[in-house]
């Protein structure tokens, strides 16, 4: 292994070694407090063993965030004999993924403790999934992409089914596993067809062969269908979306957040690496597929969400529609502004999702999960600050100024108009107007309905502070979006140019 290989994969090595050490340590430390064992608690009010794992994980994730941010100005590196690439695009997405997992753990701690689920295996599985996201985001080879995808997916299957005494959780885990395996099979079959035609697993070599007009494009187009189908499942877009509502609703909210936030960034990276970096010469084949998937997702997601009374199920259909917007940004022909708009949308959607599910966990307590609209009734009368946080998140998801969601949607719509897809932009606007109904309905029940039962707030003061900062960021980036936009544009431009 050469020196620059080690430098390129150093954060991944740190995460891998630390996760393995935590996995071994978790075998020898007490997991929970029981009357018979009388396990002593630490300053975090958790069993000492789990508290150590939790604290060490938080410190490591903070280090990784700074490590990736510090690499933003580095030139692109291809390491490990072409298997792995480190570029501004991957460094930005990996930093955002670290932040997403970090915030998810902070929000989840009290929620999991109240349900006797705050165990070291939850943290280790989350870290393994994060490692898979890193490998997937930096994949420069079909084999690396697939291994990263599976390393990300397998721990999430276990997370979804971790509440084994709940029928809904087990059912959601089985559905997620079976459909996820099917989607992985689609993706692997499509990749094998690409390999059969091009004779290479390297993305750069595949691009060169695909760009050759003498190559049989019919076979590649056939494989492309399977690749897009696999990507559609990972992005949870129509018609490969049927698992999303059941998984969101059937799992503990902390687990829902783990699969609803950071993995979306990795799925976006997979979409970009395969379709733009590798299969851009087949634009005429995959662009109509993305148009169909995006429009169906916008319409089906927003219309179906109107009928939902379970907030998590509503947010599942909302996620389907939001991913439709991400796909719309990929329709422009080699336009770095359009691709960066799509990247900006994915990052800001994850930021808003963190705040939304974080609020649901703060409003939950031992023996009660805040998951329905009835549970939010009258929130403003009891806890006006948290009602305001929810208002900010709903405004952002709906795309209402001055939140970041408005800026993100506007950027994608501008890219569509510039690419002469005005009709699709009109459909997207109409779908967003439909979607605004159920977001505003949440605000209505919080501010104008009378509470049906006692509304309480749980969670540590630190978690509440992070949630408040989360909502402030959603507003601040919406008012001053230039910083994050320029980061996305610079990362996308340098990645496309290979510098």
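Glycine residues also receive a Cβ, built from the backbone N, Cα and C atoms like all the rest.
Values in this document were obtained by computation on a predicted structure and should not be read as measured data.
Database features (Swiss-Prot):
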type	residues	note
TRANSMEM	9-29	transmembrane segment
TRANSMEM	88-108	transmembrane segment
TRANSMEM	122-142	transmembrane segment
TRANSMEM	143-163	transmembrane segment
TRANSMEM	177-197	transmembrane segment
TRANSMEM	218-238	transmembrane segment
TRANSMEM	252-272	transmembrane segment
TRANSMEM	280-300	transmembrane segment
TRANSMEM	314-334	transmembrane segment
TRANSMEM	343-363	transmembrane segment
TRANSMEM	423-443	transmembrane segment
TRANSMEM	472-492	transmembrane segment
Thinking of Cβ pairs under 8 Å, which stretch from 122-142, 177-197, 218-238, 472-492 has the most of them with the transmembrane segment (252-272)? 122-142
Short question: which residues 6 or more past the ends of the transmembrane segment (472-492) have a Cβ under 8 Å from it? 72, 87-89, 91-92, 336-337, 339-341, 343-344, 347-348, 351-352, 355, 392-393, 396, 401-407, 411
Most Cβ pairs under 8 Å to the transmembrane segment (280-300), of 88-108, 122-142, 177-197, 314-334, 343-363, goes to 314-334
